[in-house]
Structure formats: structure tokens, C-alpha cells
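Peer 1: Before I ask anything, let me first share the structure, which is written out below as C-alpha cells.
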Amino acid sequence: MPSAFQFQCHFILIFLAASKGETRYLEVRDAGEDEPFLLLSEDLKRELSAGQVYRRSLRCIDMLSIEGQFTFTADQPQLHCATFFIGEPEELIMIDYDFVNIDCKGGDFLKVFDGWILKGEKFPSSLDHPLPTSQRYVDFCESGDIQKNIRSSQNVAMIFFRIHQPGNGFTITVKKNTNLFPCNVISQTPSGRFTMVIPHQHRNCSFSIIYPVVIKISDLILGHLNGLFLKKPSAGCAGVGDFVELLGGTGLDPSKMFPLADICHSFHGSAQMKIGCDNTVLRMVSSGKHINRVTFEYHQINLQETENRKENSIEEFCFPGI
């Protein structure tokens, strides 16, 4: 049976509430009836001719993967709403306010978050994002700047909002910009191939796949030679400035996931692992002293692969959870 996390991430069937005080995170409240992930339709993208602007209304809980102009108008008090934005790995999300009519003094709010939050867990994690958490929020009621252009640091972003008065709302325009060196990524699909490059930058980059997958690393270039270690209390890449680790878990935040394996040597070939967790993350840690590069491919685990777990695999994890 799919876990609660899979339902949350695969369909975003949730109502979210902004907590008060300094924590400022969202929590899952309930499940909705719609399936916003259906909006990731390639047919819809093909139907839009060049130069045509896509327009539609937003739902209280929604998800967007396409550029366009989007309007939310409350037909009743809407207290726990969020829209999730996702692009291709090499895209950044751009959000412009075209029109805002909310009552900030009456308790309404409209906030953009640089990344995603689900049940208090953030992607990218605080360890992997270039900004502190407090600076990842842009609060319209604090800035009052309708001309403000907001750009994400990765291929995902979100807005969350509360509107009490029917008839009030806002209009936004969403565009995509190219990111030459994608760092933190959430995959839209359960299969794909990706090359992550960190060019002399001291940063950590995570690629998140919200499915149980077989992941195969085919090429890894680091600035040193060392070894490959499965995670054990006394082993691993601790103290090594540049390495790749594989993580698995049931939440969104890579820093809260279970470390499964470290790879801290360059190689050309194939290193494969079956990870049956709800969420699989490949994370590269870079000291900034070298140009680090990793190429990998992944696909969702099928029934035959779960039954034949010893074939061509370094190790398997999380299978009791699927």
C-alpha cells in the first residue's frame, strides 16, 4: 500500500496551514478531492502554440508545471491554501504579482517560499540551500510590493495564502528561466537520466526522486581518490571534502533521511542500488576545490525487481516499506 508520504507528494492532496510564531512551516491537514499532479500533462504543453499565454483559475490546493497567468478568487473564506510550482531540472521558477487584493490587517497573507514544504519538512534542506530559512520567505503583507519579481533557487517553489473575504484574491504570472548548473532538484517523473555538475563551488546539491527506484551511477568525477563505503557507524566518507551519498526515507527533507551509502572516489562504470523508500535522494557534497560531476539514471522499481533483489545491486533498502 502506498504510504502517507507518497499520497502527499504524488498527488499533493493536502490542506496546509501556516503555523504562527518563528517556526513558519506548513503542516498537512487533510486530503482533497482533486489531483493537481494531473496538471503535469505533456499534452497540454504541446497544445499551447508559441507565444500563447496560458491562463486559468487556481484552486485552493494546486500544482503548476507550466508558464502562464493564474488567478485565485475566494468564493468563501479560504484559510489553508497552497500552490506548488515545479519545472524541469534545469529551470528556475519566476513569479510576478500582477494584482493583489487581500486584507493583510484582517489576517490574510500571501507568501512565496523558495522550495517546497510538506508537514514541516523543507526541500532543499537548510543544509543545502544558499539562504537561511527566514530569507526563503517573501511575504507580500510585509513588503507590499506588487511589482516584486521573485525567482526560485531551484526547480521548485510554492506560494501559500489565507483569504477571509469572498471576492478577494490575486493574479500571478509564472515564467521559467534556464539554470546553467542545476543543484537542488525534485524530479517530475519516476524515471530519467541526469548529470549534476558543481564547478568549484562550496555547496551541497540534492536530487530527489519521490518514488522507490533503481538508481545507477554511470560516471563520477571527484577531485580525489578514496573509496566506496556502505554506511556503518565506523565507516564512510567523513572528513572527505567531496563525495556523493545516497539517502532514503519517508519525508521530504534530505537532512532527515537515512544515509544508505557513500561514494568518495572517481570512477567510470556502473554502481547500481535498489532503494524501496518513498523518497530517494542522491546528494553531492562539494568542497569548492574541484569540478565535481556525477551522471546517473533511475527508474521506478517494478514487481520483478522487488522479488529479485540480489541482481546487479550494491545493496537494497526500505523494501519492507513498499
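Cβ coordinates come from backbone N, Cα and C, glycine included.
Residues annotated as signal peptide in TrEMBL: 1-21. Annotated domain 'Corticotropin-releasing factor binding protein N-terminal' per TrEMBL: 52-177, in sequence order. Per TrEMBL, disulfide bond is recorded for Cys60-Cys81, Cys104-Cys141, Cys183-Cys205, Cys237-Cys264, Cys277-Cys318. Sequence annotations record features per position, and here TrEMBL assigns domain 'Corticotropin-releasing factor binding protein C-terminal' to 185-306.
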Peer 1: Would you pick out, from the disulfide-bonded residues Cys60, Cys205, the residue whose Cβ has the largest number of other Cβ atoms within 10 Å?
Peer 2: Cys205
Peer 1: Relative to the Cα of Cys264 (disulfide bond), which of the disulfide-bonded residues Cys60, Cys81, Cys104, Cys318 has the closest Cα?
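Peer 2: Nearest by Cα distance to Cys264 (disulfide bond): Cys318.
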Peer 1: Please list the DSSP helix, strand and coil residue counts for the domain 'Corticotropin-releasing factor binding protein C-terminal' (185-306).
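Peer 2: Helix, strand and coil residues of the domain 'Corticotropin-releasing factor binding protein C-terminal' (185-306) number 7 helix, 69 strand, 46 coil.
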Peer 1: Tell me, if you would, which residue among Cys81, Cys141, Cys183, Cys277, Cys318 (disulfide-bonded residues) has the fewest other CB atoms within 10 Å in the structure shown?
Peer 2: Cys141
Peer 1: For Cys104 (disulfide bond) and Cys205 (disulfide bond), what Cα-Cα distance in Å is obtained after rounding to a whole number?
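Peer 2: Rounded to the nearest whole number, the Cα-Cα distance is 36 Å.
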Peer 1: Please report the Cα separation of Cys141 (disulfide bond) and Cys81 (disulfide bond) in Å, rounded to an integer.
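Peer 2: About 16 Å separate the Cα atoms of these two residues.
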Peer 1: Under the DSSP assignment, what numbers of helix, strand and coil residues are found in the domain 'Corticotropin-releasing factor binding protein N-terminal' (52-177)?
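Peer 2: Breakdown, helix to coil: 8 helix, 67 strand, 51 coil.
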